[in-house]
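Below: the structure, in structure tokens.
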Amino acid sequence: MEKPILYIVIPCYNEEEVLPITSGEFLAKINELADLGKISNESRVLFVNDGSRDRTWEIITELAQKDEHFIGISQSRNRGHQNAVLAGLMEAKDKADITISIDCDGQDDINAMNNMVDAYLDGCEIVYGVRSKRDTDSFFKRFTAQGFYKLLNAMGAEVVYNHADYRLVSSRVLQEFSDFKEVNLYLRGMFPLVGFKSTSVYYERHERIAGESHYPLGKMLGLAFDGITSLSIKPIRIITGIGTFISLLSFLAIIWTFIMFYMKHSVVGWASTISIICFIGGVQLICLGVLGEYIGKIYMEVKHRPRYIISDRTWEEKER
Ligand code: UDP
Ligand code: MG
């Protein structure tokens, strides 16, 4: 069997401080795996510049000039982490036998790649990198992340617990995945839907080696909400359930009021009436918001806008 070509896909947004350090580690890993005879020497480190405003793209082009194992593509503007990863994966789809997506900040343990490639050689098509410990994350981040995975699974979206976007995918899976045309991307919830034999590899998550996280609380909550509404329509069902329950309750209340009226015990108290109206009004607004979220998603989907636009490559494209 020929040795598989591995492409390591790395999204980079304003990472000028980090890239000079981690790029060397990625290259060393490719060389190590090739020396061990596990992957082909044609393997590459593929950087995806996500419209950075600093020197990131310059650093990537310099790296590509220095060593042929480094290549890079640049998006025409910043489109977010998920779209950057997708752009890299689609670029690698026809060139690589396997891809591993990983962040460029050194938080995910590069050494887990050995086990990932082994799992692939044993016949797995998708290998999920799973954080075994989250000691380096703040208590708050760990707590919210845990709640979020539980919530996602309760909502019927299949997501591997503590897996972010560090994963190995075979080109066969990528070919099938390219038929998933949605604009609202939540990759970690979409890959399990492709199926095929998969497994998990555990690793410890480190501190970011330099720079700052691009995912502060607000953005994280946004990603969480996107995850749920992209993968599940259970919230709409829950709304229907709550609506039915409240309607039934109010129906019983009406009957009770009538009975009391005919028995000459009129029900007093407008305060209780007002509070119930306010309560139901609030519930209705929340429901409208959730429905609106889905309608917004449909709106984005039907526009069929491109999910990424590549403006530059570090190499010349032959065809075209
Ligand atoms: N990233 C990106 N586009 C963005 C934001 C982030 O490509 O708009 C990249 C970033 O360079 C990094 C990865 O996505 O390689 C994860 O980002 P970050 O480390 O800031 O997130 P965290 O690890 O804190 O969740
Ligand atoms: Mg990070």
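The backbone N, Cα and C atoms fix where each Cβ goes, and this holds for glycine too.
Note: TrEMBL annotation is automatic and uncurated.
The domain 'Glycosyltransferase 2-like' annotation in TrEMBL covers 8-174. Feature annotation from TrEMBL assigns transmembrane segment to 238-263, 269-295.
The list of residues near the transmembrane segment (238-263) in space but at least 6 beyond its ends in sequence, with Cβ under 8 angstroms from a Cβ of it, reads 276, 280, 283, 287, 290-291. Here the domain 'Glycosyltransferase 2-like' (8-174) returns a mean pLDDT of 92 for the predicted model.
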